[in-house]
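What TrEMBL says about this protein:
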- B:81, B:83, B:87, B:131: Zn(2+) binding site (BINDING)
- B:120: N-linked glycosylation site (CARBOHYD)
- B:1-23: signal peptide (SIGNAL)
């Protein structure tokens, strides 16, 4: 029921985004080149998170992919979640542990595999695999992430 | 006719990739975390280019997106080309000029707009827009690029 609620909300949200961007997706309407240091950041309510959308649908008119830059304070972690798209991360600085429950599409993904992530490494999350990342580095964790534009996110449990 | 030949070749190539990756797309079959410094590089015959696929379909089993790391020698340039996907670039080091002929889907895109690209900037190429990048920096140009997996590339003319 909770998943259904999230899906309905996201459907409405992406429908709004589609209408909004359809009016301003021309090259003339949006800048082709942008200074990353001047892009807005947000924590989305997650302690220790600084998330910057480098290229996305709403602000930049992207239709197929989105890319973001994230910095996390030492000890920060993502919720346990999964989404209907694959993700790729490039770790610029810091490290931690990726917990991944492969091919687990239920509410009880079971015991996940553990993977160490580190500076100058890349890791990917297959479609719908339940995962969580613990950022254990003593310095802030910085990564570039990307995925296709249309996806649904489902939070599986508490942090 | 040349475009048709390229499309037929690419169709056969991506069909081969699809068959190849279908056999090894499980998490067990491919590493989730990889050391970027150990990934192979190639110039693809372009002088001054070092191209590294950070996450792609053939070697890494990606189904939706691909990301690469490119380093180019000062003065290097891409061919004039367009492709059936949007691209996003994050400029890590160096700079140059992007030439972009927006909404030009013919063999004669006309005079392009010029955009200066620089370190810590991001730029995107809309779907099917003819473009070329001159890397004028005195130091090597380094960028991260991404796009969705399935796309067709068409070379429009000489370098």
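Using the three backbone atoms N, Cα and C, a Cβ is placed for every residue, glycine included.
TrEMBL does not curate its annotations; it predicts them automatically.
These numbers come from a predicted model, not from an experiment.
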>> Within a 10 Å radius around the Cβ, which one of these binding-site residues has the most neighbouring Cβ atoms: B:81, B:83?
In response: B:83
> What subset of the recorded positions B:81, B:120, B:131 has a Cβ positioned less than 8 Å from a Cβ of chain A?
Replying inline: B:120
> Among all the protein chains here, how many other CB atoms are within 10 A of the CB of residue B:120 (N-linked glycosylation site)?
Replying inline: 12
> Looking at Cβ-Cβ distances, which residues of the chain lie under 8 angstroms from residue B:131 (Zn(2+) binding site) while being 6 or more apart from it?
Replying inline: B:78, B:80, B:81, B:82, B:98, B:99, B:100, B:101, B:112, B:125
> Cα-Cα separation of residue B:120 (N-linked glycosylation site) and residue B:83 (Zn(2+) binding site), in Å?
Replying inline: 25
> Far apart in sequence but close in space: which same-chain residues, 6 or more away, have a Cβ under 8 Å from residue B:87 (Zn(2+) binding site)?
Replying inline: B:124, B:125, B:145, B:146, B:147
